[in-house]
């Protein structure tokens with residue numbers, strides 16, 4: 001993959017861009033195998049990967065420059081703005097959208113936020129595309145509601161220029177910190193969820209719900225989890241840290257008793273919408289803390305699926321899972337180091353199967369799926 005900003009040393013987000021892609025995969029696989037070297041793994045599966053470029057479905061753009069000539073991208077360490085509208089990680093459909101958004105910022109008078117001066121209103125633009133429909137979700141992250149009426153007044157022009165904009169919202173992030181979004185979200189369109197489909201499973205993306213940024217590899221990850229779980233012939237499972245329900249909805253059939261737990265109410269609303277559309281009747285989704293939910297339950301499912309954030313599931317949940325002793329644990333991780341630590345705490349389980357999914361080409365990061373079986 002070629003990138004002008006990387007070549008000019010203006011952006012180094014893709015730390016491994018100079019490394020041939022086959023070597024990237026080999027290095028990630030070696031890293032994973034070294035982390036699990038103290039454990040016996042019955043079956044290592046080959047890494048799964050997708051496109052090397054144009055694979056992201058989401059752009060997080062810092063807005064800088066002036067209201068007349070806004071710049072979308074990132075800020076260099078010295079505060080210099082870097083335009084990322086031509087970033088090769090984004091699909092080609094994004095560049096013309098960014099061009100229209102720059103014009104819209106000027107028309108609406110949305111003054112870009114100046115970090116050094118702590119002045120201005122528009123901090124970020126967050127753009128997400130559905131690979132299923134081609135529709136877009138756009139979020140304006142503002143410092144306050146000062147420019148909200150101006151934005152709303154100019155919005156019909158933007159919608160005319162970009163009819164694929166299905167979901168538009170404003171997020172208020174008032175603090176002068178490197179935080180992407182605040183708690184307050186205000187919808188500007190009647191439609192509030194972006195539809196997506198992976199492997200014939202309908203999924204929905206709301207403004208404040210997490211969704212994987214590499215749809216091609218994410219679909220493969222979900223399909224693999226479904227295959228592994230279906231082979232186990234289970235009839236009850238928990239999906240902890242379930243997000244919008246991608247894993248559980250793939251793994252469950254009409255007879256499976258599925259309980260999905262996620263702290264984000266927005267994500268749970270998406271999961272419930274998907275379950276309704278699939279006609280699943282034995283499914284429950286709840287907006288709760290996954291660890292608190294699990295440790296308060298007395299019934300034991302046959303399988304517990306966990307997909308935690310980078311910190312892992314932690315000692316408390318590991319201890320409880322060991323006591324609860326479900327027959328199977330399916331662990332999906334975006335941080336193999338914390339996963340390895342967690343697995344070490346699950347001493348009564350053996351690792352049946354492991355597979356790496358390269359969700360983040362040109363970086364050291366990757367996803368990994370591990371199936372654990374009670375000894």
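Glycine residues also receive a Cβ, built from the backbone N, Cα and C atoms like all the rest.
What Swiss-Prot records for this protein:
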- 334: active site, nucleophile (ACT_SITE)
- 3, 11, 14, 87: [4Fe-4S] cluster binding site (BINDING)
- 212, 241, 262, 307: S-adenosyl-L-methionine binding site (BINDING)
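Comparing Cβ neighbour counts within 10 Å across the recorded positions 87, 334, the minimum falls on 334. The shortest Cα-Cα distance between residue 262 (S-adenosyl-L-methionine binding site) and any of the binding-site residues 3, 11, 14, 87 is the one to 14. Note: residue 212 (S-adenosyl-L-methionine binding site) has non-local neighbours 218, 221, 246, 359, i.e. same-chain residues 6+ apart with C-beta under 8 A of its own C-beta. In sequence order, 210, 242, 243, 244, 246, 247, 267, 308, 332 are the same-chain residues whose CB sits within 8 A of the CB centroid of 212, 241, 262, 307, the residues recorded for S-adenosyl-L-methionine being left out. In this structure, the C-alpha atom of residue 241 (S-adenosyl-L-methionine binding site) lies 12 angstrom from that of the residue listed as 'active site, nucleophile'. In this view, residue 11 ([4Fe-4S] cluster binding site) is surrounded by 19 other Cβ atoms within 10 Å of its Cβ, with every protein chain counted. In the structure as shown, the Cβ atom of residue 3 ([4Fe-4S] cluster binding site) sits within 10 Å of 19 other Cβ atoms.
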